[in-house]
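Peer 1: Below you will find the structure I want to go over with you.
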Amino acid sequence: MSSLGQLPIWASKPCIMGIDEAGRGPVLGPMVYGCLYCARSYQKILSTLQFADSKTLKEQKREELFEELKTNKSIGWAVDVIDPRDLSAKMLKKNKVNLNEISHNSAIGLVRKTLDLGVLLTEVYVDTVGDPEKYRVKLSEIFPAIKFVVTKKADSLYPVVSGASIVAKVTRDRALRDWVLDETAENMQRNFGSGYPGDPETKAWLDHHKHTLFGFPTLVRFSWGTCNAYSKDSVEVVWESDASEEDESNGRASKRQMKLTNIGFTGVKTKSEDIESSGKGRCKFFQARKLELLSQF
Amino acid sequence: MERSNNGISGTIVLNGNLPPEKVVDLTGKVHQLPCCIKFNGPSDVLHYFKPKSTGVIVDGLSVEEAHFRGRKLQGTTVPIPQGYSGFVLGKKMSDEKRKRSEEDSSCWEMKAKFQNITLWNHDSLPSENDASLRAFHLFSVAAALHRPVSVEDLEAASIDQELEQ
C-alpha cells in the first residue's frame with residue numbers, strides 16, 4: 001500500500017525519507033514497516049506538523065495525523081504489512097530467518113519501491129534494528145547513492161521518522177482491528193488486546209485460544225518465546241527438519257531414536273527402532289523410493 | 001496367529017462384510033504432513049487446517065499452501081492411479097478380544113478408503129522428485145512386470161536377441 005498515483009514534481013528534487021516499524025514486539029498480528037518521504041526543502045514545514053513518536057501520541061491523535069498526512073500533497077508514504085503467518089514461517093524455516101533480517105529486508109523493500117517510483121531519495125533516516133553501524137553499512141552497500149542515518153530513537157529525533165512511525169502504527173492497529181481470523185471454530189473471539197506479551201487482555205486471549213493440537217490460530221507468531229508457556233498440555237509434534245538437525249549434531253543420535261520410538265508410527269515394535277529401515281539388501285529402485293515390502297506387521 | 005523370530009505375520013481384510021456404499025470415503029481429506037503428530041484421535045481439522053490453492057504449477061503439480069504450528073507447508077494433491085486405492089487400516093477386534101489384549105492382534109481391517117492424497121513438504125515446493133511421489137513409480141513398474149506376455153512379445157524379443165548377436 002502506498003500513496004502515490006502520479007509522481008509529483010517535488011519527487012524529482014532531492015528527497016528525504018523516514019522508516020519506522022510497528023508491532024515488532026507483539027506475539028500476535030502483523031508487523032508493519034512504514035515510510036514517509038518528502039522533498040528536502042519541505043523539511044521545515046514538516047517539523048511544524050506535530051508529528052511525534054507514535055508511542056507518545058494517543059490513538060485518536062495518531063489516526064487524525066494519519067488522515068492529515070494522507071491528504072498532504074507534499075508527502076508520500078508506503079507500508080509493508082508482514083503477515084504473522086509469514087513471520088512464523090520464516091522464523092521456523094529449515095534455514096531460519098531471524099526477525100532482524102526480516103526487518104532489514106522490509107526496510108530495504110520500501111526504499112527500493114520508492115526509488116522504483118522515480119522518487120529521488122538522497123537521505124534516509126532509519127530507527128535501528130540490531131547494531132546501527134552494521135545496519136547502516138548494509139543499507140549503504142545496497143543503495144550507494146543514498147546517505148543513511150541509522151540511530152536509536154530516530155522516531156523521536158527526526159520528524160520524517162516520527163511521521164513514518166505514525167503511518168506504521170496506525171496501519172498495524174487497523175490491521176489488527178479488522179483482522180479476519182482464518183480459523184472457523186465457534187469459540188473464536190477478537191479481543192486480542194495490544195498483542196504485547198505482557199498485556200493481560202492478550203494473555204487471556206492466548207489462554208482462551210490455545211489448542212492442544214494446532215497450537216494457536218495463525219494470527220499468533222508461533223516463533224515467539226511467549227508461546228512456549230502455553231504449550232504445556234499440547235500434543236508433541238516432531239518435524240522431519242528438526243529430526244535431521246539433531247541427527248547432524250554429534251551425540252544426539254540416540255536421543256532421536258528414543259524420541260522416534262515413542263511416536264508409535266509402527267504398530268509393532270520392531271527390533272530396529274528407527275523410523276526408516278536402512279534399506280540394506282533392498283533393490284535400489286525400492287530404496288530410492290522408500291518402498292519396503294512388509295510381510296510382518 | 002503365527003509367530004516367528006522376525007515378528008508377527010498379519011492379515012488385512014479389505015472388504016469385510018460392508019457393502020461398498022457403506023465404506024467411509026476420505027477422498028480429499030487425507031494429508032501426509034512432514035512431521036509426526038504424537039496424537040491419535042479426532043480433532044477440529046476443518047476449522048484449523050486451511051489449505052489454499054496458490055495457482056502455481058510445478059512439474060505439472062498444482063501447488064497448495066497451508067500452515068501448521070506456524071510452519072509453512074507446500075503440497076499437492078495427487079490421485080491414486082486407477083485400479084488402486086488408499087486404505088486406512090485399523091486393528092480388527094471383536095469386543096471379547098479387545099478385552100483380552102489390544103497389542104497382540106495382527107488382524108487388520110479397512111476403516112476407510114481414499115482415491116487421492118495431499119502430500120505436504122515443509123517450506124519446499126512439491127516436486128516429482130519427492131520420495132512419496134516417486135513411490136508411485138511402482139505402479140507402472142508393477143503393471144509392466146505383471147502384464148501377460150503375448151506371442152508377439154516373445155517373437156519381438158527373440159528378433160531383438162538375434163539382431164544383437
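Glycine too: its Cβ is placed from the backbone N, Cα and C atoms.
Annotations for this protein, taken from TrEMBL, read as follows:
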type: BINDING; residues: A:Asp20, A:Glu21, A:Asp127; note: divalent metal cation binding site
type: DOMAIN; residues: A:14-236; note: domain 'RNase H type-2'
Peer 1: For A:Glu21 (divalent metal cation binding site), just count the other CB atoms lying within 10 A of its CB, please.
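Peer 2: If we count other Cβ atoms within 10 Å of A:Glu21 (divalent metal cation binding site), we arrive at 24.
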Peer 1: The domain 'RNase H type-2' (A:14-236): mean pLDDT?
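Peer 2: Mean pLDDT, the domain 'RNase H type-2' (A:14-236): 93.
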Peer 1: Are there any residues at least 6 positions away along the chain from A:Asp20 (divalent metal cation binding site) with a Cβ closer than 8 Å to its Cβ? List them or say none.
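Peer 2: A:Asp20 (divalent metal cation binding site) has long-range Cβ partners A:Tyr33, A:Gly34, A:Cys35, A:Ser54, A:Val126, A:Asp127, A:Ala154, A:Asp155, A:Val161, A:Ser162, A:Ala164, A:Ser165, A:Val167, A:Ala168.
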Peer 1: Run through the Cβ atoms and count how many others sit within 10 Å of the one on A:Asp127 (divalent metal cation binding site).
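Peer 2: I get 27 for this one.
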Peer 1: Under DSSP, is A:Asp20 (divalent metal cation binding site) part of a helix or a strand, or is it coil?
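Peer 2: Reduced to three states, the DSSP call for A:Asp20 (divalent metal cation binding site) is strand.
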Peer 1: Which residues, in sequence order, are found in the same chain with Cβ within 8 Å of the centroid defined by the Cβ atoms of A:Asp20, A:Glu21, A:Asp127 at the divalent metal cation site, excluding those residues themselves?
Peer 2: A:Ile19, A:Ala22, A:Tyr33, A:Gly34, A:Val126, A:Val129, A:Ala154, A:Asp155, A:Val161, A:Ala164, A:Ser165, A:Ala168
